[in-house]
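Trainee: Here you go, one structure.
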């Protein structure tokens, strides 16, 4: 009887431990706020948001932004 109680206790401890580990290692999905690459699931933090691939503005988008400001 003592062996069965110990096994159940160990099983419950393992379940509790797994529930504690999962939330601490969760990564952030694409489009959510981030501060560095390690926070994102795709390891790409671009200008405060998780994204893949990291999109850099080209000449066309810079030109459109220039005309929007005028």
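Just so you know, the numbers here start at 1 and follow the chain as drawn.
Every residue gets a Cβ built from N, Cα and C, even glycine.
These came from Swiss-Prot, pasted as-is:
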type	residues	note
DISULFID	27-41	disulfide bond
MOD_RES	30	4-carboxyglutamate
DISULFID	34-46	disulfide bond
MOD_RES	35	4-carboxyglutamate
DISULFID	40-50	disulfide bond
MOD_RES	44	4-carboxyglutamate
DISULFID	45-54	disulfide bond
MOD_RES	53	4-hydroxyproline
MOD_RES	57	proline amide
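Are these features on the surface or tucked inside, and what touches them?
Mentor: Neighbour density for residue 27 (disulfide bond): within 10 A of its CB lie 13 other CB atoms from the protein chains shown.
Residue 34 (disulfide bond) falls within neither a helix nor a strand when secondary structure is assigned with DSSP, and so counts as coil. A C-beta separation below 8 Å, combined with a sequence spacing of at least six in one chain, links residue 34 (disulfide bond) to 28, 40, 45, 48, 49, 50.
Sequence-distant neighbours of residue 35 (4-carboxyglutamate) (same chain, 6+ residues apart, CB-CB distance under 8 A): 45, 48.
Of all Cβ atoms in the protein chains displayed, 21 besides its own lie within 10 Å of the Cβ of residue 40 (disulfide bond).
Residue density at residue 44 (4-carboxyglutamate): 16 other Cβ atoms are found within 10 A of its Cβ, drawing on all protein chains shown. DSSP classifies residue 44 (4-carboxyglutamate) as coil under the three-state reduction.
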Trainee: With a 10 Å radius around each C-beta, find which of these disulfide-bonded residues (41, 50) has the fewest other C-beta atoms nearby.
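Mentor: Fewest other Cβ atoms within 10 Å, among the disulfide-bonded residues 41, 50, is found for 41.
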